[in-house]
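Heads up: the structure comes next, in structure tokens.
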Amino acid sequence: MAAKDEPPADTRDALEVLESEAKEWDKDAEIDRILKAFRLDAYAVLGLKPGVPESDIKNMYRKKSLLIHPDKTKNPLAPDAFDRLKKAQTELMDEKHRTTLDEAIADARMLLMRENKWTVDSPELRTADFERKWADKTKEVLIDNEQRRRRQVKAQMQEEGREQRRADEELDVRKRKRQHDEDWEATRDQRISSWRQFQKGKTGDGSDKKKKKKLKPIG
């Protein structure tokens with residue numbers, strides 16, 4: 001009876017092929033979405049709304065990482081997408097980084113409202129257009145923050161470079177002084193010997209002069 005209810009083998013094979021192709025399409029679509037997501041916004045990379053609980057971050061990462069794992073798809077872009085997904089999850093699980101990101105997103109919302117003179121009760125805030133503009137403003141804020149961070153890192157590296165050069169110069173001065181002291185100490189015996197020879201020479205010259213001095217005749 002059960003055998004009569006089963007579809008023909010050719011039909012099963014066709015259904016399996018279609019199902020497999022659909023799964024691959026889903027994987028390719030998710031890989032494409034991740035690679036097109038704004039990488040400075042970890043929420044966007046994971047496909048999450050800002051402010052979601054930590055459990056949602058873990059669940060979403062697990063679901064998407066299983067979907068696009070390089071071992072489960074032939075898509076050549078899967079490794080890159082998987083790395084971005086992992087990086088986004090790591091950033092959101094880091095409390096400091098997540099707080100900084102949340103503040104940037106909140107700043108973007110405030111700036112957008114200020115530019116358009118909206119209030120928290122404005123109906124525009126509940127539209128899809130506002131969500132799109134908020135996402136665009138968030139990109140601007142995150143880019144500005146990243147550029148500022150890079151300038152700070154560059155300035156810090158330059159300052160560290162100056163400090164390192166000063167330290168190297170001080171070290172070179174100490175090395176030259178130490179070498180001078182070592183050279184001076186190494187020639188100590190020679191200097192003492194030369195001084196003794198000099199003193200001896202002075203004493204010998206005085207004796208000869210005394211010997212050569214003529215006595216005055218008496219009377």
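Backbone N, Cα and C define each Cβ position, glycine as well.
In TrEMBL, annotation is done automatically, which means it is predicted and not curated.
According to TrEMBL, the features are:
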- 41-105: domain 'J' (DOMAIN)
- 153-219: region 'Disordered' (REGION)
- 157-168: compositional bias 'Basic and acidic residues' (COMPBIAS)
- 179-191: compositional bias 'Basic and acidic residues' (COMPBIAS)
- 209-219: compositional bias 'Basic residues' (COMPBIAS)
If you average pLDDT over the domain 'J' (41-105), what do you get?
96
Per DSSP, how many helix, strand and coil residues does the domain 'J' (41-105) have?
50 helix, 0 strand, 15 coil
Which residue counts does DSSP yield for the compositional bias 'Basic and acidic residues' (179-191) in the helix, strand and coil classes, in that order?
12 helix, 0 strand, 1 coil
